[in-house]
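*Asks:* Sharing the feature lines straight out of Swiss-Prot:
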{"type": "TOPO_DOM", "residues": "1-17", "note": "topological domain 'Cytoplasmic'"}
{"type": "TRANSMEM", "residues": "18-38", "note": "transmembrane segment"}
{"type": "TRANSMEM", "residues": "39-59", "note": "transmembrane segment"}
{"type": "TOPO_DOM", "residues": "60-95", "note": "topological domain 'Cytoplasmic'"}
{"type": "TRANSMEM", "residues": "96-116", "note": "transmembrane segment"}
{"type": "TRANSMEM", "residues": "117-137", "note": "transmembrane segment"}
{"type": "TOPO_DOM", "residues": "138-156", "note": "topological domain 'Cytoplasmic'"}
{"type": "TRANSMEM", "residues": "157-177", "note": "transmembrane segment"}
{"type": "TOPO_DOM", "residues": "178-197", "note": "topological domain 'Periplasmic'"}
{"type": "TRANSMEM", "residues": "198-218", "note": "transmembrane segment"}
{"type": "TOPO_DOM", "residues": "219-242", "note": "topological domain 'Cytoplasmic'"}
{"type": "TRANSMEM", "residues": "243-263", "note": "transmembrane segment"}
{"type": "TOPO_DOM", "residues": "264-277", "note": "topological domain 'Periplasmic'"}
{"type": "TRANSMEM", "residues": "278-298", "note": "transmembrane segment"}
{"type": "TOPO_DOM", "residues": "299-331", "note": "topological domain 'Cytoplasmic'"}
{"type": "TRANSMEM", "residues": "332-352", "note": "transmembrane segment"}
{"type": "TRANSMEM", "residues": "356-376", "note": "transmembrane segment"}
{"type": "TOPO_DOM", "residues": "377-399", "note": "topological domain 'Cytoplasmic'"}
{"type": "TRANSMEM", "residues": "400-420", "note": "transmembrane segment"}
{"type": "TOPO_DOM", "residues": "421-424", "note": "topological domain 'Periplasmic'"}
{"type": "TRANSMEM", "residues": "425-445", "note": "transmembrane segment"}
{"type": "TOPO_DOM", "residues": "446-456", "note": "topological domain 'Cytoplasmic'"}
Amino acid sequence: MESNNKLKRGLSTRHIRFMALGSAIGTGLFYGSADAIKMAGPSVLLAYIIGGVAAYIIMRALGEMSVHNPAASSFSRYAQENLGPLAGYITGWTYCFEILIVAIADVTAFGIYMGVWFPAVPHWIWVLSVVLIICAINLMSVKVFGELEFWFSFFKVATIIIMIVAGIGIIVWGIGNGGQPTGIHNLWSNGGFFSNGWLGMIMSLQMVMFAYGGIEIIGITAGEAKDPEKSIPRAINSVPMRILVFYVGTLFVIMSIYPWNQVGTNGSPFVLTFQHMGITFAASILNFVVLTASLSAINSDVFGVGRMLHGMAEQGSAPKVFAKTSRRGIPWVTVLVMTIALLFAVYLNYIMPENVFLVIASLATFATVWVWIMILLSQIAFRRRLPPEEVKALKFKVPGGVVTTIAGLIFLVFIIALIGYHPDTRISLYVGFAWIVLLLIGWIFKRRRDRQLAQA
């Protein structure tokens with residue numbers, strides 16, 4: 001099946017732009033936003049703006065290195081080259097584990113969503129179906145993957161735009177509200193804009209940043225981009241404003257139509273908005289959207305882990321068999337391994353006690369922030385490693401240079417502190433540090449084996 005170990009560049013600027021955009025629009029917006037609103041009130045809008053700025057800093061740092069050295073293993077390779085082999089090893093495996101956990105949640109969610117329409121069909125049938133379908137998609141050419149991901153993301157984005165436009169119609173003209181405009185007074189009528197104080201807004205930041213998780217896939221696409229020097233900068237520069245529009249715009253509409261303390265209490269914010277327009281089948285519309293979102297997420301999950309493991313295998317941080325590719329340039333071994341892992345993980349998800357799964361899911365939050373911190377540290381070390389003339393010649397530099405990166409780093413450390421401060425998420429720090437210790441033990445055994453092979 002395999003012909004060599006090379007990936008093929010088949011992703012266009014259009015594919016990469018929508019992949020980067022779609023990766024940050026998922027359950028964090030469709031469901032997680034309700035919890036963030038409860039925590040911060042209307043000031044959650046400010047939290048999403050602050051989080052968007054931090055996400056942009058992370059993307060620019062990754063983009064600077066990706067344009068200079070496009071690699072499928074992306075931030076794992078950059079960590080290895082700039083911080084050392086151990087940093088690359090831990091970062092790569094932590095990212096893979098993070099995405100696997102997220103993928104477990106996504107495939108399980110797909111079964112639940114389909115159960116809304118077909119309650120008599122067991123969920124495991126839908127879960128098995130979507131895993132096999134996504135596996136087949138990822139075994140095709142990367143161009144097919146990119147095209148499907150483009151349309152998945154397109155449907156998500158189109159639905160959000162329709163909801164924002166419809167919401168503005170309710171706010172300004174009272175469409176669907178008996179001709180009575182709702183206005184925007186709900187943003188300050190129920191306890192003020194900072195209804196839960198500054199602390200409420202600050203505490204919501206950890207949830208906001210998790211909602212932006214997935215943006216780092218833009219770096220992984222660099223290894224298969226046709227023209228990374230053009231496509232990566234265009235994708236990165238276009239995404240932040242769009243994300244801010246979709247998140248901030250959507251929540252602005254929702255909280256203008258409904259008092260913030262009622263959002264999420266009688267159903268999904270998206271369902272409530274459509275129902276307010278007089279659309280009785282709002283639940284089905286939302287269900288189609290979240291189904292598309294979960295398909296997009298699973299598709300990107302398998303793609304991301306496959307490319308990361310392929311790159312790590314080439315670096316010597318993962319088994320060499322993961323470096324094998326098909327004639328189409330697809331890392332088929334990693335795709336099959338991810339598929340098998342998903343099938344086994346879905347089974348575990350059904351038999352696992354709820355609190356245990358919460359612990360594992362919490363690790364994804366820690367792992368996301370960990371990967372972002374390693375990206376920023378790698379960029380700082382990358383800049384220090386280059387002579388001044390090469391720094392000046394960089395084609396996609398971070399605005400403000402290392403100073404901006406350090407500011408982003410301080411912010412992420414603050415997010416980790418928030419995770420530890422909040423009782424519901426504190427356990428993720430314990431589990432996260434335990435994961436790092438396990439990787440360190442694995443690294444020790446790996447180095448010992450490498451020395452033995454070198455002496456043989």
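Along the chain as shown, residues are numbered 1 onward.
For all residues, glycine too, the Cβ spot is worked out from N, Cα and C.
Could you place these features in context, so I can see how deep they sit and what lies close by?
*Replies:* Listed by sequence, the residues of this chain that lie at least six past the ends of the topological domain 'Cytoplasmic' (60-95) yet keep a Cβ under 8 A from its Cβ atoms are 7, 216, 218-220, 222-225, 228-229, 232-233, 236, 304-305, 307-312, 314-315, 317-318, 367, 370-371, 374-379, 381-382, 385, 394-399, 404-405, 408, 435-436, 439-440, 442-443, 446.
Per DSSP, the secondary structure of the topological domain 'Periplasmic' (178-197) breaks down as 4 helix, 0 strand, 16 coil.
According to DSSP, the topological domain 'Cytoplasmic' (299-331) comprises 21 helix, 2 strand, 10 coil.
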*Asks:* Hey, would you say the transmembrane segment (400-420) packs against the transmembrane segment (117-137), going by three or more CB pairs under 8 A that are 6+ residues apart?
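*Replies:* When sequence-distant Cβ pairs are counted, the transmembrane segment (117-137) does not touch the transmembrane segment (400-420), since fewer than 3 lie under 8 Å.
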*Asks:* Do any residues of this chain, six or more beyond the ends of the transmembrane segment (243-263), have a C-beta under 8 angstroms from a C-beta of it, and if so which?
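*Replies:* Same-chain contacts beyond the ends: 21, 24-25, 29, 33-34, 37-38, 41-42, 44-45, 48-49, 52, 55, 157, 160, 163-164, 167-168, 170-171, 182-184, 186-187, 189-191, 195, 211-212, 269, 272-273, 276.
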*Asks:* State the non-local partners of the topological domain 'Periplasmic' (421-424) in its own chain: residues 6+ outside its ends, Cβ under 8 Å from one of its Cβ atoms.
*Replies:* 203, 206
*Asks:* What counts of helix, strand and coil residues does DSSP assign across the topological domain 'Cytoplasmic' (377-399)?
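*Replies:* The breakdown for the topological domain 'Cytoplasmic' (377-399) reads 15 helix, 0 strand, 8 coil.
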